[in-house]
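I have placed the structure first, in the form of structure tokens, so that the comments after it can refer back to it.
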Amino acid sequence: MKIYEKAPAKINLLLDVLRKREDGFHEVEMIMTMVDLADRLEMEELPRDSIMISSQAGYIPLDEKNLAFQAAKLIKDRYDVRKGVYIHLDKKIPVAAGLAGGSSDAAATLRGLNRLWGLNIPQDELCKLGAELGSDVPFCVTGGTALATGRGERLERIDNPPQCWVVLAKPPINVSTADVYGRFRVSDIKEHPSTAAMLGAISRGSFSDICGNLGNVLESVTLGLYPEVLQLKESMERLGADGVLMSGSGPTVFGLVSKEAKVSRIYNGLRGFCKEVYVVRMLT
Ligand code: ATP
């Protein structure tokens with residue numbers, strides 16, 4: 001039997017860091033939602049008890065360093081499954097981009113193997129397993145739109161934002177999330193974004209207030225390290241996006257756009273100097 005799972009990319013509408021904890025993790029408040037740019041996973045049972053990963057993307061690990069491999073191993077060990085699986089990753093989400101591609105693949109693997117092996121694991125258990133793999137994985141298991149707190153693993157489902165276009169642009173640099181958090185100092189942040197204001201804007205369904213309350217404190221690190229990310233933000237604003245923000249630890253910048261007529265102008269303007277530009281919809 002063969003099954004398929006979609007692994008969509010996430011964007012952060014808001015990312016705030018409250019403090020560094022004693023365990024080394026950061027206490028965060030994030031509002032995350034999914035966009036219609038997705039990896040596609042194909043999973044097939046193997047006649048022998050092993051995990052095999054393949055992908056057309058030449059630049060990701062295909063061994064136990066791959067997050068889909070780690071997810072398969074975790075679910076196999078925890079539920080004592082003595083079966084093997086072959087997972088093919090059709091990568092569409094750019095890697096190390098701040099779009100949680102690896103986390104979403106891990107989450108899709110958990111959902112998919114739950115089905116393939118008929119394990120009937122409830123969603124909250126899958127989320128707990130996901131939290132062992134990475135802070136963004138539980139959100140990727142559930143999808144939708146959520147407020148994430150703690151180190152990102154505590155989730156509260158909220159309304160989806162109103163439908164709009166999302167233009168994503170990734171400059172040709174790879175950013176390590178661990179490196180960005182390593183350089184981040186809460187004391188450097190003069191003004192934190194308002195989680196309450198963003199939650200209010202979403203619950204009212206106000207597109208303009210959502211655009212007005214976008215915020216990501218990690219921009220203070222990534223924009224300082226890579227001026228091209230700042231230039232990309234400024235270009236997207238100049239080209240007429242309604243709201244612009246860096247996603248996660250970057251370097252991908254996204255622009256929210258309500259009017260279709262504006263989208264192609266922004267896309268064409270960015271394509272002049274940035275190779276990786278995507279026009280997608282919010283997944284609502
Ligand atoms: P986040 O927003 O959660 O920080 P990201 O989008 O910045 O994630 P990923 O695309 O998840 O970053 O990749 C981060 C690292 O994880 C890369 O260095 C990559 O080699 C490794 N990796 C492991 N498994 C995968 C996978 N299935 N897809 C992409 N990268 C993976």
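Along the chain as shown, residues are numbered 1 onward.
Cβ atoms are placed via backbone N, Cα and C, with glycine included.
These numbers come from a predicted model, not from an experiment.
Annotation for Lys10 (active site): same-chain Cβ neighbours under 8 Å, separated by at least 6 residues, are Met32, Thr33, Met34, Val35, Leu99, Ala100, Ser103, Ser104, Asp136, Phe139, Cys140, Ser247, Gly248. According to TrEMBL, the feature active site maps to Lys10 (among others).
Sequence annotations record features per position, and here TrEMBL assigns domain 'GHMP kinase N-terminal' to 66-144. Per-class residue totals from DSSP over the domain 'GHMP kinase N-terminal' (66-144), listed helix then strand then coil: 45 helix, 7 strand, 27 coil.
Annotation comment: TrEMBL describes Pro94, Val95, Ala96, Ala97, Gly98, Leu99, Ala100, Gly101, Gly102, Ser103, Ser104 as ATP binding site. The number of other Cβ atoms within 10 Å of the Cβ belonging to Gly98 (ATP binding site), over all protein chains shown, comes to 29.
According to TrEMBL, the feature active site maps to Asp136 (among others).
Feature annotation from TrEMBL assigns domain 'GHMP kinase C-terminal' to 202-274. In terms of DSSP helix, strand and coil, the domain 'GHMP kinase C-terminal' (202-274) has 40 helix, 11 strand, 22 coil.
For ligand 1, the binding-site residues lying close by, meaning a CB under 6 A from one of its atoms, are Ala100, Gly102; the full candidate list was Pro94, Ala100, Gly102. Counting every protein chain shown, the Cβ of Asp136 (active site) has 26 other Cβ atoms within 10 Å. Cβ neighbours within 10 Å of Gly102 (ATP binding site), excluding its own Cβ and spanning all shown chains: 29.
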